[in-house]
Structure formats: structure tokens, C-alpha cells
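Worksheet: one structure, shown below.
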């Protein structure tokens, strides 16, 4: 991939992430304020995962046999248009319908752009791309989120925020048009050598993790807004500081942990996250809540980037239909986790949902501890 295309791709990622945090916040809090039911929040965020689960195999295969550039451009445009109408939904069911439509186009976009990236970025440059991508996503989401939250504070109009967000996402398509029309066959040297038994074990770990920490950021947002009494605008500011700074820091420093084995990294990360979740709901001072949340995100981001690099992103880049069933398992774990966590929240209280997540992470850490080191090394 030539330098100009590399820059265009990163610019697209930057602008495409500009509204991601705001949509996450507004969608979570808008549904919660309207229903005060965590299940309705879980359903909204489960729809994209269900879409992934149901049509992952079809869209991956479809992208493998058609022009990827046309597909990810169509997907991005459709996703942007659907997003623009979120604020005009007159009922929760119409909103779910719009989320469904956006998710379909977003899946088409992801299933086509991710393998396009793997085809055009050489293996020796891919680690650098992972780092740059995370930085662009974090900076874009932080700057864009802060700007959109300021706009909301001035206009007090959620519908307009969704329209502006859709337009920004639409603008990011400009940089997709500048990418070359790739006619090459997929580069599969690394993917063809995948040890499927190894991938199955890694899939199990990510499935259980997704099950345990489902809706974790949503819960943290609702907790500081509803139970700590923080205004919506301030919640947005806290989120962007925590998410943006921790993500950029993680992308900058994760290489320092290269000497640590994947097994040790996963155990350390999950135990730390479990411990931090317990602390999160035990303290009442906002400053310390933010500090704990920041450390939680930093630990999670470092482990995610580190593991993605070690795994070579074989499972998480939507490359081909061969690995579809493993991605589907992770999606199912996330969906089940969302509904179980939401039921625990509604039936037994907010604190119990965090304790549940901590217990799952601790148990997962012990399972990993009992496994031989060779389970974490690809053949």
C-alpha cells in the first residue's frame, strides 16, 4: 500500500470514529432515560451482534467474491444515512429498526474493508498499522466526541446530534473513494497456516470474557449519570477523557510488554480488571471513580492490542468465511452476557452486575492458569 493510500485509510478511520463515543453515550442514556430498563439497553446493543452472528458467513463469502471497494463504500454510506434518523424515532421499536438497518450496512462495510486492509498492508507493517489505527480511532472519538457534546450543550437537541454524526460518517467516505480498486486475490499466507485447535481455545477465552464484561462501559456510564448524579454533558466529557487518553496511551506503550507471554498477559489483565470493577462500585468520590475507570480501560486496551498483535488478528479481521463459526461463538457469548447482566442489574441491583463480571473474569483467569503454556503458542 503506497503512502497516500495509507494516509487516506487512517484519515477515514479518524473521521469515521469522530462520532463513535457520542453515539455510544447518547444511545445508552437516551434509552435508559426513556425506559429505565437495562434489558432495553441490552437489546439495542445486541442487534449489531445478532446481525454479525446471523449473516457473518454470508457477508464474508460475498465480500471474498465481489469488489470490496464498492461494498465498503455502499456499507459506509448506508450506515451513515440510517444513523442520521436515530433522533427522529418516535418509539423504541422504530429505533430498533433503524439500528437493525445501520447494522446491516455496517456489517457489509466491515466485512469488506477489513480484508481489504489485510490484502494491501504487508505483514511487517501490520503491527505499526494496528498502533496507528488505535491512535486515530481514539483521537478521532475524543476530539469529535468533545465537539459534539459541546454542540449538544449549546443546542440541547439530540436529533440534530445524530444528524451531524451521520454527516460526519458520510464525509469519511470521501477517503474511501481515494483508495485503489483492489483486484488482487486475498493474501492468505498467515491465514492458511492457522492452527484451528489453537484458534478454538483463544475463541473460548474471548467468548467467556465477552460474556462476563458485557455492557461494561454502558453500565459505567449509567452508574455515574444515574447513581452519582453527574449531568449528561459531564458524563460525556469524562468518557472522552477516560476512553481517549487511555486508548492513546495503550497504543503507545503496549510494545513494552513484548517479553511477557500471552498467557501471563491475559491472566494479569483479567485479574486486574476484576479487582478494579469491585473497587469501582465501592468508592463514592467522582475523582477516584474516574481514576479507577481510566486504569480499567488502560489495562483492557493494552491487553487487547497486545493479544491482537500476538494472534496476528487472524480471528478478528473478518478474513474469509473459514473462521466465521469462531467469530459467531464470540458474538453469541456477548449477546448472552448482555441479557444475563441486564437481568441481574434489574433484578438484584447495579452492584451485583459488577460483582458478576468480576467473578467471571477471576474464574477465567484460573482456567487459563491451569492450561499449559503451549496452548497459547501457535503451531
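All positions are counted from 1 along the displayed chain.
Cβ coordinates come from backbone N, Cα and C, glycine included.
Keep in mind that what you see is a predicted model, and the values were worked out from it rather than measured.
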Can you check which of 97-118, 119-140, 229-250 TrEMBL lists as transmembrane segment?
229-250
Taking 3+ C-beta pairs under 8 angstroms (sequence gap of 6 or more) as contact, is the transmembrane segment (229-250) in contact with the transmembrane segment (38-59)?
no
Which listed stretch (12-32, 38-59, 71-88) has the most C-beta pairs under 8 A with the transmembrane segment (198-217)?
38-59
Tell me whether the transmembrane segment (71-88) sits in contact with the transmembrane segment (158-177), defined here as at least 3 Cβ pairs under 8 Å among residues 6 or more apart in sequence.
yes
What residues elsewhere in the chain lie close to the transmembrane segment (158-177), defined as a C-beta under 8 angstroms and at least 6 residues from its ends?
8-9, 11-12, 14-16, 18-19, 22-23, 26, 30, 69, 72-73, 76-77, 79-88, 113, 144, 148, 151-152
